[in-house]
Amino acid sequence: MKARKKVITALDYKNMDDVKNLVELLGDEIEYYKAGLEIFLNTGGEIVDYLHSLNKKIFLDLKFHDINNTTKMACEFAARKGVFIFNIHASCGTETMYEISKMLKDMNSKSLCIAVTVLTSMTEEKMQEIFMTDASLDNMVMNMAELTGKSGLHGVVCSAWEAAKVKERCGENFVTVCPGVRPAWSASDDQKRIMTPAEAVKNGADYLVIGRPITKADDPKKAAMRILEEIEAVL
Ligand SMILES: O=C(O)c1cc(=O)[nH]c(=O)n1[C@@H]1O[C@H](COP(=O)(O)O)[C@@H](O)[C@H]1O
């Protein structure tokens, strides 16, 4: 099933018991998992070794955002752990992003470092308020994506609404990782820029980050299978 190479299930839990229950339940259907701040902090990082021991691929979503040296050292940790993907905020700037890309090459790292553009929980209005700008959300994402690409990093986190245009601007190989994915049958929760799994794939999303529609479902395995089947139908 090709769809398995598209879905990253977000393990937004507080403890390893909940993680193990889900990962065991989903079995071979899910190859990619996202470990974010909640589970990483609550398990003191144990989540990474656990998932690697099962040969699962990890998106380490700690969204590093700090001064140059501190961000680089955090990225060095992620690369040493050998995670498949990790992320920083694009607003760290081009100098930091360039230095990270150089460091990863020097380390012969295979990890992909991607930059968060505008969070999928953000609307254009809220973004303009925070950044004191008239720029459209679309232009903000495209600018951040282009700066990320020019700095030598591998791709971005953006919503599926922006994915096709990011690919046009930054090239087919520039990786688009898209949260804010909601099947028609699930709640949108705090996500604002959402698309269904099928729409997201058709609109250029390389990877779909999906948490609650699976983790909070009455039957998480059935929910995951429905999502995989929806994606498979458009591949
Ligand atoms: O970097 C991320 O993974 C991320 C970026 C973003 O813009 N929006 C976003 O929702 N995420 C993460 O993607 C996951 C989405 O989870 P659900 O909303 O439950 O599907 C969460 O773990 C978020 O932390």
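Using N, Cα and C of the backbone, Cβ positions are placed for all residues, glycine too.
Taken from TrEMBL, the feature domain 'Orotidine 5'-phosphate decarboxylase' applies to 6-227.
The substrate binding site annotation in TrEMBL covers Asp12, Lys34, 61-70, Thr120, Arg182, Gln191, 211-212. In the three-state DSSP reading, Leu62 (substrate binding site) counts as strand. The Cβ of Leu62 (substrate binding site) lies under 8 Å from the Cβ of Gly36, Leu37, Phe40, Ala74, Ala78, Phe86, Asn87, each of these being in the same chain and 6 or more residues away along the sequence.
Cβ contacts within 10 Å of Asp61 (active site, for OMPdecase activity), excluding its own Cβ and spanning all protein chains shown: 26. Feature annotation from TrEMBL assigns active site, for OMPdecase activity to Asp61 (among others).
The annotation active site, for OMPdecase activity is assigned in TrEMBL to Lys63 (among others). Taking Cβ-Cβ distances under 8 Å and a sequence gap of 6 or more within the same chain, the neighbours of Lys63 (active site, for OMPdecase activity) are Leu37, Asn87, Ile88, His89, Val116.
Here TrEMBL flags Lys63 as active site, proton donor.
If you look up TrEMBL, you'll see Asp66 (among others) marked as active site, for OMPdecase activity.
Ranking the recorded positions Asp12, Asp66 by the number of CB atoms within 10 A of their own CB puts Asp12 at the top.
Close to ligand 1, meaning a Cβ under 6 Å from one of its atoms, is not one of the recorded positions Leu62, His65, Asp66, Asn68. Neighbour counts of Cβ atoms within 10 Å were compared for the binding-site residues Asn68, Thr120, and the top value is held by Thr120.
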